[in-house]
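These come from TrEMBL:
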type     : residues : note
SIGNAL   : 1-18     : signal peptide
DOMAIN   : 203-220  : domain 'Tyrosinase copper-binding'
DOMAIN   : 384-395  : domain 'Tyrosinase copper-binding'
TRANSMEM : 474-500  : transmembrane segment
Amino acid sequence: MWLLKTISLLVFFEPCHLQFPRPCATREALLSKECCPLWDGDGSACGASSGRGFCQDVEVPDQPDGPQYPFSGLDDREKWPLVFYNRTCRCAGNFMGFSCADCKFGYAGANCNERRESVRRNIFHLSRAERIRFVSYLNLAKQTISRDYVVATGTRREMGNGSDPMFAEVSVYDLFVWMHYYASRSALLGGPGNVWTNVDFAHWAPAFPPWHRVYLLHWEHEIRKLTGDSSFSIPYWDWRDAQACDVCTDDLMGDRNPQDPSFLSPGSVFSSWKVICSRADEYNSRGVLCDAREEGPLRRNPGNHNRNVVGRLPTSAEVEFTLSLTDYDTGAMDRSANMSFRNTLEGFGDPQTGLGNSSRMGMHAALHVFMNGSMTSVQGSANDPIFLLHHAFVDSIYEQWLRRHRPSPSQYPESNAPIGHNSDYHMAPFLPLHRNREYFITSKDLGYEYSYLLDANQRLAESMHPYLVVLQDVWPFLLLAGLLGGVVALLLTAAVLTVVRRYKQLPWLHGRKWKSIFALPETQPLIWSKDNVESSQPNYQTTM
């Protein structure tokens, strides 16, 4: 039933919000530098006639960035999104989206005034039907070309400052692969090999947890739109103390290929997937952007990685140490930060000492290295669907830290963080715009929760969920079996009574001979004599 619903919804697919929206990828929009599409509900820009939002100038912060990126005016992500657009929709109330057509995270309804709460659950607590549905949704997103978004294949300068648009179509899933690539790619300074690698707008600095939080929320929202399943939530993989890739099975994320362990098993739907934006060194040597073309099959070989970089998957003790760190970020707020929760969570701080620039990767980074394939590339890691399960759990650790330490907004750095990471910086490459500080808040304010962070009674109910689902599916059969069993028992009882009544008058059944045959000799009395009680043998009373 859900599959038919999904197929029918593809015909009436609704727009949502990411970059680059098709209405803003035209020559006219790029030259005017305005991205204020019409809202279909009333035909006005940003739904202004209905009070949903207004087309306004983009305001960017002027706080100084850290020294890690010593250039200005060379990268399209600087002061995002001004290189492409200086006017966008600013939505009112609980409305959100590049045309204010959608609701803020945690809200639903025609007027976006209904609170919606969802629970992200352990993938091993999903029922078999839910696992199948999750894998099917992933594959549907991979096979469905986005009808509303395209990705940039050239810089603004290569586009002739907008007169010659350079965009490509991608699938719904690959749209997010490209976004992760675009945020983490090297800066192109002009010409082959002329790049700056020490820059990342989503990693290595304070925005790492908030940026990926927004990324997952948008991905979740997009899948709900694509499938019509408003109850969908990304499951997480709790990898604490894992000895191997527990989710690497053909019914989940894909087992090893028996002929070549660096590829996926042909029994997995993901074995047919092709990756994009996975050749960072090639792009850098040519001085170009990823063009979103297919680049070969998905690769993974968990556990056969460089043991000098990652010894094992993170432990519960290391997660607890990370959570105990009271400072969100410290020092230069990059990979050298000491005793920094963010840096230790990301994997560049030692999860046992908290010291930065660790020679071994820990926490988040450890799992990427452990997967030994597409996940190992920072820019191309989102090609592997395990990325979603992994980052959902990383986000849950971020959520635990927020709840435990209740940081004030001032803990998030306002200035001097690496470029893209100051509190008021707009996250690249998202449209609609999101500031980093807006997601330095609990997930409860964004409409979602993690099952293992629920209270004890709720956690018990959650762990029982897959069994209850199975019971719900089979209870009619159990009821029918019980009724049939009852009927059979009644028939047997009636038959026995009939036989007894019919033959009880037969004289040969009452003879002593037959009684003696079936009588068993009494070898020990059931009631003890006085002599027995006073003996030294234990009985219930003396034992007590």
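Along the chain as shown, the residues are counted starting at 1.
Note: Cβ is positioned from N, Cα and C throughout, glycine not excepted.
Secondary structure counts, DSSP: the domain 'Tyrosinase copper-binding' (203-220) has 13 helix, 0 strand, 5 coil.
Under DSSP, residues within the domain 'Tyrosinase copper-binding' (384-395) fall into helix, strand and coil as 10 helix, 0 strand, 2 coil. Mean pLDDT, taken over the domain 'Tyrosinase copper-binding' (384-395), works out to 98 on the 0 to 100 scale.
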